[in-house]
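Visitor: Quick paste from TrEMBL:
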{"type": "DOMAIN", "residues": "25-300", "note": "domain 'NADP-dependent oxidoreductase'"}
{"type": "ACT_SITE", "residues": "Tyr56", "note": "active site, proton donor"}
{"type": "SITE", "residues": "Lys85", "note": "site 'Lowers pKa of active site Tyr'"}
{"type": "BINDING", "residues": "His116", "note": "substrate binding site"}
Amino acid sequence: MAAKDVAPAVLLMSNGHSRMPAVGLGVWRMDKADVRGLIHAAIRQGYRHFDCAAKYQNEAEVGDALAEAFECGLVKREDLFITTKLWNSDHGHVIEACKDSLKKLKLDYLDLYLIHFPVASRHTEIGTVASVIGEDGVLDIDTTVSLEATWHAMEDLVNMGLVRSIGISNYGVFLTRDCLAYAKIKPAVNQIEMHPYFQRDSLVKFCQKHGICVTAHTPLGGSTANAKLFGSLSCLDDPVIKELAEKYGKTPAQLVLRWGLQKNAVVIPKTSKVERLQENLELFDFDISDEDMEEIKAIDKNQRSNQPAKFWGIDVYS
């Protein structure tokens, strides 16, 4: 039996031929053993957008789940929007890395391929997604590979028909501006951390002004997981969020995701619980008032909850 298609909102990207569902399912931290069940349940509930990455190290499991879904008629490939990402250690090997991801995902093409971080690190082996740390405890950054060279290799993927759209991730205003200056194919998307405690207003405005769709990763602020890992605060526990959620008869997570949609961003919440899948889709039966959007704006803490410096020994955002 084919799955229902209930995700009602899509954003047309600037290249004009790719429509990205406004709500997707992120597979970061999704255990390999849980992937099949969660992907199939998500498709049945109406998800058509899945956000993957080589670094998540579960592309093969996602690929198996998708192949089974196609084979049994649960959904058609052309009805899905699949994103994955180039890892730092493969900046000098873009084509090989993309083909490796396609092989694992069992796909002929990607809807969107992103540069995961604006930094090239020492290459090890395709698919190993290593982050080599030097004897000084600092990430071994490869200074011979420029972001411009990486981008032009990404453009080659479009010309080869391996990907339909290309984009960037974790780029700030200046790096995004530089990419626009040297790009022959403009980035369709900038995927950034964005939530009420890290609203990124200037970056969002810049991207949208220049026709770059913003996708909010960590749209719930990482919740309990990032609080434990990085010591960050969860916006879901904020009194303003809780009060407004109660006002609208929604959960704090639904309110925060709706806030992201009303900022004209795509949201890709992650969950490992089947019961949360439907909750994270029920975002289109209410609107947050302008007054309440302003109240949420006032709780911004400029707090990045995902801090790779903890592992890399260097803050690449500095």
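Residue positions begin at 1 at the first shown residue.
Here the Cβ of each residue, glycine as well, is placed from N, Cα and C on the backbone.
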Visitor: Pop the mean pLDDT for the domain 'NADP-dependent oxidoreductase' (25-300) in here, whole number is fine.
Guide: 95
Visitor: Can you tell me how far the Cα of the residue listed as 'substrate binding site' sits from the Cα of Lys85 (site 'Lowers pKa of active site Tyr'), in Å?
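Guide: Cα-Cα, rounded: 5 Å.
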Visitor: Around the C-beta of His116 (substrate binding site), how many further C-beta atoms are within 10 angstroms, looking at every protein chain?
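Guide: Neighbour count, Cβ to Cβ under the 10 Å cut-off: 21.
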Visitor: Which residues, sitting 6 or more apart from Lys85 (site 'Lowers pKa of active site Tyr') on the same chain, put a CB under 8 Å from its CB?
Guide: Cys52, Ala53, Ala54, Lys55, Tyr113, Leu114, Ile115, His116, Ser169
Visitor: Enter the number of other CB atoms within 10 angstroms of the CB of the residue listed as 'active site, proton donor'.
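Guide: So the number of other Cβ atoms within 10 Å of the residue listed as 'active site, proton donor' is 23.
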